[in-house]
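Visitor: Sending over a structure as structure tokens; questions will come in a sec.
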Amino acid sequence: MTKNNTQIVPIASLNTTSKIPQQNCQTDNTSLQVLLAIFYALFFLFGLFGNLLAIWVFLRVHQKKNSVRIFLINLALADLLLVICLPFRVVYHSNNERWVLPPILCTMVGIIFYMNMYMSIVLLGFISIDRYLKFKKLSCRQSFLDRRWSLLLCGVIWAVDFVCGFCFTVQNTEQVESQQCFQYKKLYESKWKAYLNFAIVGIFWLVYGALVISYGRIGINLLRASKEKPDFPNAAKYNKTAWKSFFVLLLFTICFVPYHTVRMFYIMSQIANTSCEWIRVLDKTNEVVLLLSVFNSCLDPVMYFLFCSSIRKVTLKIICHNKMQED
């Protein structure tokens, strides 16, 4: 299936299949269409249920909302907005990659999808920093990441998210070529878009570095403490918390690092004279690793349940209460 260049929001230019100007480069994702449609449909169902349940449970917890809980509520909301975009991708891939809806919706879906993916990434970074400061018992935590500051940070992030999304939508109101969306395109005449995408990738690596340092140090220190003092009353708890930290870091790495590694080569191919074979490889690889990033939106609610005792207690209490009513 041949795809031509169209103008879509910079971030949404990740998903690809297109021609390059100087070569008649035809890419064929037929082998991936069914796979992509199935996985996006499953991620939508699990992500929608999990994040709606998470938000509902968060609101049912009557404890004072500390900074971490505020970040988690906003994270669940960002994940929910992301998974709402997935049915459009399901229909697109199921329909032989033909966009049958108004072109402006293609732009809006791409913007909402990627903006909320990076919203989630930034919030996960704030959560890791908050937990590290709490672990180290640093005095700056009281002034920097208390409840008021966490609310302000989330408000600023959402405001930037909205403004950027609005600007990208206004800028990309030109007619999108019919029946095409989420495709690869060259950026020879719009290199600033490529540089913007490089900056976004740079933000991801900064967040990833924060997670590695925060969760890595928490895990190593707690693991060392549990081994040095095995008879200490909290030794088992320290050991468990340490491995939870490593597990969170592992999941983040699996979900986002492959995508952003491919992303760097992807952006370079958009502004360089790239061979058609390499474009085809990047096109297919990008689609596969993007699935991993979307999968994170389904995993976040599971982590809330496994790692947050208050959330787990409320969820189990609700389930048991409903079961008793049925009996």
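For all residues, glycine too, the Cβ spot is worked out from N, Cα and C.
Please treat TrEMBL annotations as automatic predictions, because they have not gone through curation.
Annotations for this protein, taken from TrEMBL, read as follows:
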type	residues	note
TRANSMEM	37-59	transmembrane segment
DOMAIN	50-304	domain 'G-protein coupled receptors family 1 profile'
TRANSMEM	71-92	transmembrane segment
TRANSMEM	104-129	transmembrane segment
TRANSMEM	149-171	transmembrane segment
TRANSMEM	194-220	transmembrane segment
TRANSMEM	241-259	transmembrane segment
TRANSMEM	288-307	transmembrane segment
Visitor: Check the transmembrane segment (288-307) against the transmembrane segment (194-220) for contact, please; criterion is three or more CB pairs under 8 Å, pairs 6 or more apart in sequence.
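Guide: No, the transmembrane segment (288-307) does not contact the transmembrane segment (194-220).
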Visitor: Cβ pairs under 8 Å with the transmembrane segment (71-92): which stretch of 37-59, 149-171, 194-220 has the most?
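Guide: By Cβ pairs under 8 Å, 37-59 leads among 37-59, 149-171, 194-220.
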Visitor: Which of 37-59, 149-171, 241-259 shares the most C-beta pairs under 8 angstroms with the transmembrane segment (194-220)?
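Guide: Answer is 241-259, with the largest number of Cβ pairs below 8 Å.
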Visitor: Please check if the transmembrane segment (104-129) comes into contact with the transmembrane segment (149-171), where contact means 3 or more CB pairs closer than 8 Å and the residues in each pair are separated by 6 or more positions.
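Guide: Judged by the Cβ rule, the two regions touch, with the required three close pairs present.
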